[in-house]
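For reference, the structure discussed in these notes is given below.
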(Lines of atoms letter the chains of each structure in order from A; the text may use other names.)
(Lines give C-alpha, C1' and ligand atoms only; values in the text may rest on other atoms or scores of the structure.)
Protein backbone atom coordinates (compact mmCIF):
# COMPACT_ATOMS: atom_id res chain seq x y z
CA UNK A 1 0.00 0.00 0.00
CA UNK A 2 2.85 2.34 0.90
CA UNK A 3 4.62 1.54 -2.37
CA UNK A 4 1.46 2.26 -4.38
CA UNK A 5 0.93 5.58 -2.58
CA UNK A 6 4.57 6.52 -3.15
CA UNK A 7 4.34 5.74 -6.88
CA UNK A 8 1.09 7.69 -7.17
CA UNK A 9 2.62 10.67 -5.39
CA UNK A 10 5.65 10.59 -7.72
CA UNK A 11 3.41 10.52 -10.79
CA UNK A 12 1.30 13.41 -9.51
CA UNK A 13 4.47 15.35 -8.71
CA UNK A 14 5.82 14.83 -12.23
CA UNK A 15 2.46 15.86 -13.70
CA UNK A 16 2.38 19.04 -11.63
CA UNK A 17 5.99 19.74 -12.63
CA UNK A 18 5.16 19.66 -16.36
CA UNK A 19 1.67 21.16 -16.10
CA UNK A 20 2.77 24.86 -16.24
CA UNK A 21 4.85 24.17 -19.38
CA UNK A 22 1.93 22.39 -21.07
CA UNK A 23 -0.48 25.18 -20.09
CA UNK A 24 1.87 27.92 -21.33
CA UNK A 25 2.39 26.06 -24.62
CA UNK A 26 -1.37 25.71 -25.09
CA UNK A 27 -1.96 29.42 -24.44
CA UNK A 28 0.86 30.54 -26.75
CA UNK A 29 -0.37 28.44 -29.67
CA UNK A 30 -4.02 29.37 -28.98
CA UNK A 31 -3.20 33.08 -29.10
CA UNK A 32 -1.14 32.60 -32.28
CA UNK A 33 -3.96 30.67 -33.95
CA UNK A 34 -6.56 33.27 -32.97
CA UNK A 35 -4.43 36.18 -34.23
CA UNK A 36 -3.77 34.30 -37.48
CA UNK A 37 -7.53 33.86 -37.87
CA UNK A 38 -8.07 37.58 -37.32
CA UNK A 39 -5.46 38.41 -39.96
CA UNK A 40 -6.56 35.87 -42.56
CA UNK A 41 -10.35 35.82 -42.13
CA UNK A 42 -11.84 38.60 -40.05
CA UNK A 43 -9.72 41.61 -40.99
CA UNK A 44 -10.29 41.59 -44.78
CA UNK A 45 -14.07 41.77 -44.34
CA UNK A 46 -14.05 45.40 -43.29
CA UNK A 47 -10.64 46.62 -44.44
CA UNK A 48 -10.23 45.33 -47.95
CA UNK A 49 -8.08 48.26 -49.04
CA UNK A 50 -5.68 48.01 -46.09
CA UNK A 51 -5.35 44.29 -45.50
CA UNK A 52 -3.74 43.42 -48.80
CA UNK A 53 -1.87 40.17 -49.38
CA UNK A 54 1.42 41.91 -48.61
CA UNK A 55 0.11 43.14 -45.27
CA UNK A 56 -1.15 39.66 -44.45
CA UNK A 57 2.21 38.15 -45.30
CA UNK A 58 4.07 40.74 -43.21
CA UNK A 59 1.78 40.12 -40.23
CA UNK A 60 2.09 36.34 -40.48
CA UNK A 61 5.88 36.48 -40.82
CA UNK A 62 6.12 38.77 -37.79
CA UNK A 63 3.94 36.69 -35.53
CA UNK A 64 5.50 33.36 -36.47
CA UNK A 65 8.98 34.85 -36.09
CA UNK A 66 8.02 35.74 -32.52
CA UNK A 67 6.41 32.33 -31.96
CA UNK A 68 9.51 30.44 -33.16
CA UNK A 69 11.78 32.52 -30.94
CA UNK A 70 9.53 32.04 -27.90
CA UNK A 71 9.49 28.26 -28.34
CA UNK A 72 13.17 28.03 -29.26
CA UNK A 73 14.40 30.12 -26.34
CA UNK A 74 12.06 28.32 -23.95
CA UNK A 75 13.34 24.94 -25.12
CA UNK A 76 16.99 25.99 -24.74
CA UNK A 77 16.21 27.47 -21.33
CA UNK A 78 14.72 24.19 -20.12
CA UNK A 79 17.47 22.04 -21.66
CA UNK A 80 20.34 24.20 -20.31
CA UNK A 81 21.22 23.11 -16.80
CA UNK A 82 21.91 26.07 -14.49
CA UNK A 83 23.64 23.90 -11.88
CA UNK A 84 27.29 24.11 -10.82
CA UNK A 85 27.98 20.46 -11.60
CA UNK A 86 31.16 20.16 -13.63
CA UNK A 87 31.91 23.89 -13.36
CA UNK A 88 33.92 24.51 -10.21
CA UNK A 89 36.83 22.72 -8.59
CA UNK A 90 37.79 23.02 -4.97
CA UNK A 91 41.06 24.13 -3.47
CA UNK A 92 42.72 27.36 -4.58
CA UNK A 93 39.74 28.36 -6.75
CA UNK A 94 37.72 29.13 -3.62
CA UNK A 95 37.66 32.67 -2.28
CA UNK A 96 36.02 34.68 0.45
CA UNK A 97 32.32 34.05 0.87
CA UNK A 98 32.35 30.48 -0.41
CA UNK A 99 30.15 28.03 1.47
CA UNK A 100 29.75 24.29 1.66
CA UNK A 101 26.44 22.75 0.58
CA UNK A 102 25.83 19.62 2.61
CA UNK A 103 23.02 18.52 0.27
CA UNK A 104 25.15 18.61 -2.89
CA UNK A 105 28.37 17.93 -0.93
CA UNK A 106 30.35 20.61 -2.74
CA UNK A 107 31.72 24.11 -2.22
CA UNK A 108 29.62 26.90 -3.68
CA UNK A 109 30.52 30.53 -4.58
CA UNK A 110 28.82 33.54 -2.95
CA UNK A 111 26.05 34.06 -5.53
CA UNK A 112 25.16 30.39 -5.66
CA UNK A 113 22.35 28.83 -3.63
CA UNK A 114 20.62 25.48 -3.37
CA UNK A 115 17.20 25.04 -4.99
CA UNK A 116 15.08 22.43 -3.27
CA UNK A 117 12.76 22.18 -6.28
CA UNK A 118 15.58 21.47 -8.75
CA UNK A 119 17.50 19.58 -6.02
CA UNK A 120 20.80 21.15 -7.04
CA UNK A 121 22.96 24.21 -6.36
CA UNK A 122 22.45 26.84 -9.06
CA UNK A 123 25.24 29.06 -10.32
CA UNK A 124 24.33 32.74 -9.74
CA UNK A 125 20.78 31.72 -8.90
CA UNK A 126 18.13 34.34 -9.67
CA UNK A 127 14.89 32.52 -8.86
CA UNK A 128 12.98 29.31 -9.55
CA UNK A 129 10.64 29.89 -12.49
CA UNK A 130 7.37 28.05 -11.82
CA UNK A 131 6.20 28.62 -15.40
CA UNK A 132 9.09 26.60 -16.81
CA UNK A 133 9.76 24.40 -13.80
CA UNK A 134 13.45 25.29 -13.66
CA UNK A 135 15.79 27.75 -11.98
CA UNK A 136 17.06 30.87 -13.73
CA UNK A 137 20.82 31.04 -13.36
CA UNK A 138 24.03 32.13 -15.03
CA UNK A 139 23.94 29.57 -17.85
CA UNK A 140 20.35 30.05 -19.05
CA UNK A 141 19.66 33.71 -18.22
CA UNK A 142 20.13 34.80 -21.83
CA UNK A 143 17.43 32.41 -23.05
CA UNK A 144 15.11 33.42 -20.22
CA UNK A 145 15.47 37.13 -21.01
CA UNK A 146 15.10 36.57 -24.78
CA UNK A 147 11.99 34.49 -24.19
CA UNK A 148 10.52 37.28 -22.05
CA UNK A 149 11.35 39.81 -24.80
CA UNK A 150 9.48 37.90 -27.49
CA UNK A 151 6.61 37.02 -25.16
CA UNK A 152 6.24 40.72 -24.34
CA UNK A 153 6.36 41.82 -28.00
CA UNK A 154 4.05 38.97 -29.05
CA UNK A 155 1.47 39.76 -26.39
CA UNK A 156 1.64 43.46 -27.24
CA UNK A 157 0.99 42.59 -30.89
CA UNK A 158 -1.84 40.19 -29.96
CA UNK A 159 -3.45 42.76 -27.64
CA UNK A 160 -3.45 45.39 -30.41
CA UNK A 161 -4.89 42.87 -32.86
CA UNK A 162 -7.63 41.97 -30.37
CA UNK A 163 -8.63 45.61 -29.88
CA UNK A 164 -11.36 45.05 -32.48
CA UNK A 165 -12.70 42.15 -30.43
CA UNK A 166 -13.21 44.47 -27.46
CA UNK A 167 -14.86 47.03 -29.74
CA UNK A 168 -17.29 44.41 -31.07
CA UNK A 169 -18.17 43.24 -27.55
CA UNK A 170 -18.71 46.82 -26.33
CA UNK A 171 -20.33 48.17 -29.50
CA UNK A 172 -23.74 48.41 -27.80
CA UNK A 173 -22.30 50.11 -24.76
CA UNK A 174 -21.02 48.95 -21.41
CA UNK A 175 -23.81 46.56 -20.46
CA UNK A 176 -23.95 43.87 -17.77
CA UNK A 177 -23.73 41.20 -20.48
CA UNK A 178 -20.61 42.67 -22.12
CA UNK A 179 -18.84 43.27 -18.80
CA UNK A 180 -19.56 39.72 -17.60
CA UNK A 181 -18.39 38.33 -20.94
CA UNK A 182 -15.06 40.09 -20.52
CA UNK A 183 -14.64 39.30 -16.81
CA UNK A 184 -16.02 35.76 -16.50
CA UNK A 185 -16.35 34.26 -20.00
CA UNK A 186 -16.30 30.69 -18.60
CA UNK A 187 -19.43 31.32 -16.51
CA UNK A 188 -21.16 32.95 -19.47
CA UNK A 189 -20.37 29.90 -21.64
CA UNK A 190 -21.52 27.35 -19.06
CA UNK A 191 -24.76 29.25 -18.42
CA UNK A 192 -25.48 29.37 -22.16
CA UNK A 193 -25.37 33.17 -22.39
CA UNK A 194 -22.82 33.23 -25.21
CA UNK A 195 -21.80 30.98 -28.09
CA UNK A 196 -18.53 28.98 -28.02
CA UNK A 197 -17.15 31.28 -30.74
CA UNK A 198 -17.85 34.44 -28.71
CA UNK A 199 -16.38 32.77 -25.62
CA UNK A 200 -13.17 31.82 -27.46
CA UNK A 201 -12.59 35.36 -28.73
CA UNK A 202 -13.37 36.94 -25.34
CA UNK A 203 -11.22 34.46 -23.41
CA UNK A 204 -8.18 34.85 -25.68
CA UNK A 205 -8.55 38.64 -25.74
CA UNK A 206 -8.64 38.68 -21.93
CA UNK A 207 -5.65 36.34 -21.80
CA UNK A 208 -3.69 38.68 -24.08
CA UNK A 209 -4.33 41.72 -21.87
CA UNK A 210 -3.64 39.97 -18.55
CA UNK A 211 -0.62 38.15 -19.98
CA UNK A 212 0.78 41.37 -21.43
CA UNK A 213 0.55 43.14 -18.06
CA UNK A 214 2.19 40.26 -16.18
CA UNK A 215 4.96 39.70 -18.74
CA UNK A 216 5.61 43.46 -18.90
CA UNK A 217 6.18 43.53 -15.15
CA UNK A 218 8.55 40.53 -15.29
CA UNK A 219 10.40 41.73 -18.40
CA UNK A 220 11.10 45.30 -17.30
CA UNK A 221 11.95 44.16 -13.78
CA UNK A 222 14.60 41.80 -15.15
CA UNK A 223 15.88 44.49 -17.51
CA UNK A 224 16.49 46.70 -14.49
CA UNK A 225 18.18 43.81 -12.69
CA UNK A 226 20.41 43.15 -15.71
CA UNK A 227 21.57 46.76 -15.99
CA UNK A 228 22.16 46.92 -12.21
CA UNK A 229 24.15 43.67 -12.20
CA UNK A 230 21.85 42.12 -9.62
CA UNK A 231 19.70 39.04 -9.18
CA UNK A 232 16.16 38.91 -7.83
CA UNK A 233 17.55 37.79 -4.47
CA UNK A 234 19.80 40.91 -4.37
CA UNK A 235 17.11 43.40 -5.41
CA UNK A 236 16.42 44.77 -1.93
CA UNK A 237 20.09 45.46 -1.28
CA UNK A 238 21.31 49.02 -1.82
CA UNK A 239 24.82 47.72 -2.50
CA UNK A 240 25.80 46.46 -5.96
CA UNK A 241 29.22 44.84 -5.47
CA UNK A 242 28.98 42.72 -8.63
CA UNK A 243 28.02 45.49 -11.04
CA UNK A 244 30.40 46.03 -13.96
CA UNK A 245 28.65 49.12 -15.28
CA UNK A 246 25.67 49.19 -17.64
CA UNK A 247 27.52 47.96 -20.72
CA UNK A 248 29.59 45.51 -18.73
CA UNK A 249 26.46 43.98 -17.23
CA UNK A 250 24.90 43.84 -20.70
CA UNK A 251 27.94 42.04 -22.13
CA UNK A 252 27.98 39.69 -19.17
CA UNK A 253 24.33 38.68 -19.68
CA UNK A 254 23.90 38.62 -23.47
CA UNK A 255 27.50 38.44 -24.67
CA UNK A 256 29.61 40.68 -26.87
CA UNK A 257 27.11 40.37 -29.75
CA UNK A 258 24.14 41.45 -27.62
CA UNK A 259 22.75 43.54 -30.50
CA UNK A 260 22.09 40.48 -32.71
CA UNK A 261 21.81 37.56 -30.29
CA UNK A 262 18.08 38.21 -29.79
CA UNK A 263 17.40 37.54 -33.49
CA UNK A 264 18.07 33.84 -33.07
CA UNK A 265 19.04 31.85 -29.95
CA UNK A 266 21.67 29.93 -31.91
CA UNK A 267 23.65 33.04 -32.88
CA UNK A 268 26.92 32.72 -30.93
CA UNK A 269 27.52 35.59 -28.54
CA UNK A 270 30.70 34.89 -26.55
CA UNK A 271 30.94 36.34 -23.07
CA UNK A 272 33.82 38.72 -22.27
CA UNK A 273 36.76 37.06 -20.57
CA UNK A 274 37.08 39.63 -17.81
CA UNK A 275 34.34 40.07 -15.26
CA UNK A 276 32.68 36.69 -15.73
CA UNK A 277 34.14 35.03 -12.68
CA UNK A 278 33.80 38.31 -10.74
CA UNK A 279 30.03 38.42 -11.20
CA UNK A 280 29.68 34.69 -10.62
CA UNK A 281 32.16 34.02 -7.80
CA UNK A 282 33.05 37.45 -6.46
CA UNK A 283 36.67 37.00 -7.52
CA UNK A 284 38.62 38.49 -10.41
CA UNK A 285 40.50 35.22 -10.85
CA UNK A 286 39.81 33.34 -14.09
CA UNK A 287 36.77 31.06 -13.90
CA UNK A 288 37.72 27.44 -13.49
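For all residues, glycine too, the Cβ spot is worked out from N, Cα and C.
TrEMBL: automatically predicted annotations, no manual curation.
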(message) For the annotation transmembrane segment in TrEMBL, which listed range does it cover: 166-187, 232-253?
(response) 166-187
(message) Please identify the range among 141-160, 261-280 that TrEMBL labels transmembrane segment.
(response) 141-160
(request) When you get a sec, could you say which of 21-40, 81-100 is annotated transmembrane segment by TrEMBL? (result) 21-40
(request) Name the residue range among 41-59, 60-78 that TrEMBL annotates as transmembrane segment. (result) 60-78
(request) Let me know the model's mean pLDDT on the domain 'Palmitoyltransferase DHHC' (98-237). (result) 89
(message) For the transmembrane segment (60-78), give me same-chain residues lying six or more residues beyond its boundaries with a C-beta closer than 8 angstroms to one of its C-beta atoms, as numbers and ranges.
(response) 21, 24-25, 28-29, 32, 35-36, 39-40, 132-134, 140, 143-144, 146-147, 150-151, 153-154, 157-158, 262, 264-266
(message) Could you give me three numbers for the domain 'Palmitoyltransferase DHHC' (98-237), the DSSP helix, strand and coil residue counts?
(response) 78 helix, 18 strand, 44 coil
